[in-house]
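Working notes for the structure below.
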Amino acid sequence: MASSSSLLAVLGTLALLLSPSASALSSTLSPDFHAETCPQLDGIVRAAVQAALTREIAIAAGLVRIYFHDCFPQGCDASILLNSTSARETALGPNLTIQPRAMQLVESIRSTAHAACGPVVSCADITLLATRAAIVASGGPTFPVPLGNLDSLAPASQDKVFDLPSPATTSVAALVQSFGTRGLGDVADLVALSGAHTIGRSQCGSFSDRSQRADDTFSRKLAANCSKNPDRLQNLDVVTPDLFDNGYYKALGFNQGVFTSDMALIKNKTTAPIVKQFAASKEAFFAQFAKSMTKLASVPKPAGNVGEIRRLSCFRTNAQTAVVIETAVDAAGEEDEEGVAASA
């Protein structure tokens, strides 16, 4: 039989979720947004990310991928966390073992932060902070991110989810045009953000267009490896796969880019000099990458910063969570009635 105290607690949670403050409009974003309301936030995020990377280094790449696929379509709003499993998996790519654990890390940090500070930090902000912490822990640069983002009230529309250019893209002009629509019009943004491939792995199906062409030594090697084991994971940086550095660019200089879009950068007369600059200087890469990641975190939102802070789960809106709780309340009430009838 459900106790009256537990039922009251559930009702209290439901009231909190349905309160007017659960959704809002905010236009003020700042790297210091949580300085007063949750001063320990950075420490909570760093501790959780470092512990997760100790268990599984590949989670860093998973977080970076979520950051890209959340912020690029319609601004950073944690909408990718709401998409149906099939849509989310299709958008995030075929390496489905890492992304769920990276997303669960975001949810775990939300739970810890809300326990420490109250429900004042959005899942969108946690995604930004966790990704930055993972990049730094992997050897990369730090960078400011605008905080105070609200979580979306609905999943991103499917046409926006798939707005990120395909890794099979051969045209640098198409890549530059796509990035330019998001305020990333500097060609250096494209080259630097592609450098996120310095960590991470991908399954054979995601680069089959490159391996099947077999037009150079490396693509033939990719084809041979995938023929032996179609489920293998290929390092995207064959120089230093688990370290965030400029090894990716050094590999491009030897035609060892895994994706067609990677190879397009070294073959294009506009982007090739930037690739060579980053290959020669990790500092130059880090400086531009930090600048471009901040710009990516600032992609405009079509309706402005509208939404809520998801209070009980990053994977459900507050309204969706309220429906679950209402169902539980109804079930608990029926259980109480049955108990009263049995004791009568």
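Note: Cβ is positioned from N, Cα and C throughout, glycine not excepted.
Database features (TrEMBL):
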type	residues	note
SIGNAL	1-24	signal peptide
DOMAIN	28-311	domain 'Plant heme peroxidase family profile'
DISULFID	Cys38-Cys117	disulfide bond
SITE	Arg65	site 'Transition state stabilizer'
ACT_SITE	His69	active site, proton acceptor
BINDING	Asp70, Gly75, Asp77, Ser79, Glu89	Ca(2+) 1 binding site
DISULFID	Cys71-Cys76	disulfide bond
DISULFID	Cys123-Cys314	disulfide bond
BINDING	Pro165	substrate binding site
BINDING	His197	heme b binding site
BINDING	Thr198, Asp237, Thr240, Asp245	Ca(2+) 2 binding site
DISULFID	Cys204-Cys226	disulfide bond
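In this structure, the binding-site residues under consideration are Asp70, Asp77, Asp237, Asp245, and the one with the smallest number of other Cβ atoms within 10 Å of its Cβ is Asp245.
A sphere of 10 angstroms centred on the C-beta of the residue listed as 'substrate binding site' encloses 17 other C-beta atoms.
Asp70 (Ca(2+) 1 binding site) sits 6 Å from Cys76 (disulfide bond), counting Cα to Cα. When Cβ atoms from all protein chains are considered, those within 10 Å of Thr240 (Ca(2+) 2 binding site) total 17, not counting its own. If you measure from the Cα atom of Thr198 (Ca(2+) 2 binding site) to that of Cys71 (disulfide bond), you get 20 Å. Across the structure, Pro165 (substrate binding site) and His69 (active site, proton acceptor) are spaced 11 Å apart at their Cα atoms. Neighbour density for Cys117 (disulfide bond): within 10 A of its CB lie 16 other CB atoms from the protein chains shown. The average pLDDT computed over the domain 'Plant heme peroxidase family profile' (28-311) stands at 91.
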